[in-house]
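Trainee: Found this in Swiss-Prot, in case it helps:
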ACT_SITE  Cys235  active site, nucleophile
BINDING   Cys126, Cys127, Cys209, Cys212  [4Fe-4S] cluster binding site
Amino acid sequence: MSIERITYDNFQNDPFINELDINDETKGAYEILKWAYQTYENDIVYSCSFGAESMVLIDLISQIKPDAQIVFLDTDLHFQETYDLIDRVKDKYPQLRIKMKKPELTLEEQGEKYNPALWKNDPNQCCYIRKIKPLEDVLSGAVAWISGLRRAQSPTRAHTNFINKDERFKSIKVCPLIYWTEEEVWSYIRDKDLPYNELHDQNYPSIGCIPCTSPVFDSNDSRAGRWSNSSKTECGLHVADKP
């Protein structure tokens with residue numbers, strides 16, 4: 001099917017949601033990515049967390065656009081294992097253009113201006129400074145961005161479509177993996193022998209910044225372990241979307 005270039009201003013609905021064959025090996029993900037890069041070319045960015053879903057998307061993207069632009073929001077609070085994984089990904093996919101996007105404030109400057117442990121006292125403000133504002137800067141020159149959201153991850157993501165109007169960033173958010181289960185993600189990683197964050201083998205289902213990520217021993221929730229001492233469930237990158 002032929003789909004026009006969808007933008008924030010002309011978005012009406014997801015044209016793929018009832019049309020795309022989701023029974024193929026990638027549950028529609030490959031076709032969505034192929035359409036996205038053909039349509040947006042250099043006007044699309046993959047904001048990559050380097051979690052398990054990221055490994056699937058990176059592998060698929062490399063088959064479509066080997067020199068795709070990938071942005072990692074480097075908060076300066078990530079685990080060393082995450083940085084080690086990025087190095088392994090660079091070795092495996094040398095053509096990918098991986099950009100480490102840092103916040104305007106260093107941790108020291110943030111501590112002086114707000115609080116030395118802002119992630120504890122005001123995690124929403126910390127996420128805004130170190131993740132949301134940097135992504136706003138990245139997307140200021142892009143029409144669309146790619147995310148690894150899956151519907152099964154959490155109730156807040158259950159209505160995610162392939163193509164979404166992103167109200168927070170005033171852009172189009174492309175989510176190729178919405179129909180994938182966690183088991184399918186890991187089967188793909190194992191079958192393709194892809195690199196992944198070693199913390200996943202140490203009971204970390206979801207990996208973010210060190211102060212806000214904990215190992216989990218008694219939950220099947222793929223988002224468990226994030227902000228475990230508060231009611232917070234999202235960093236803020238995905239909370240303003242409309243189904």
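Using N, Cα and C of the backbone, Cβ positions are placed for all residues, glycine too.
Values in this document were obtained by computation on a predicted structure and should not be read as measured data.
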Trainee: Please classify the secondary structure at Cys209 ([4Fe-4S] cluster binding site) using three-state DSSP.
Mentor: strand
Trainee: Do any residues at least six apart in sequence from Cys126 ([4Fe-4S] cluster binding site), in the same chain, have a Cβ closer than 8 Å to its Cβ, and if so which, in order?
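Mentor: Those within reach of Cys126 ([4Fe-4S] cluster binding site), by Cβ under 8 Å and sequence separation of 6 or more, are Gln110, Leu118, Trp119.
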Trainee: Should Cys126 ([4Fe-4S] cluster binding site) be counted as helix, strand, or coil on the basis of DSSP?
Mentor: helix
Trainee: Counting Cβ atoms within 10 Å across all protein chains shown, which of the binding-site residues Cys127, Cys212 comes out on top?
Mentor: Cys127
Trainee: Would you mind listing, in sequence order, the residues at least six apart from Cys209 ([4Fe-4S] cluster binding site) in the same chain with a Cβ closer than 8 Å to its Cβ?
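Mentor: Non-local contacts for Cys209 ([4Fe-4S] cluster binding site): Thr75, Leu77, His78, Trp119, Arg130.
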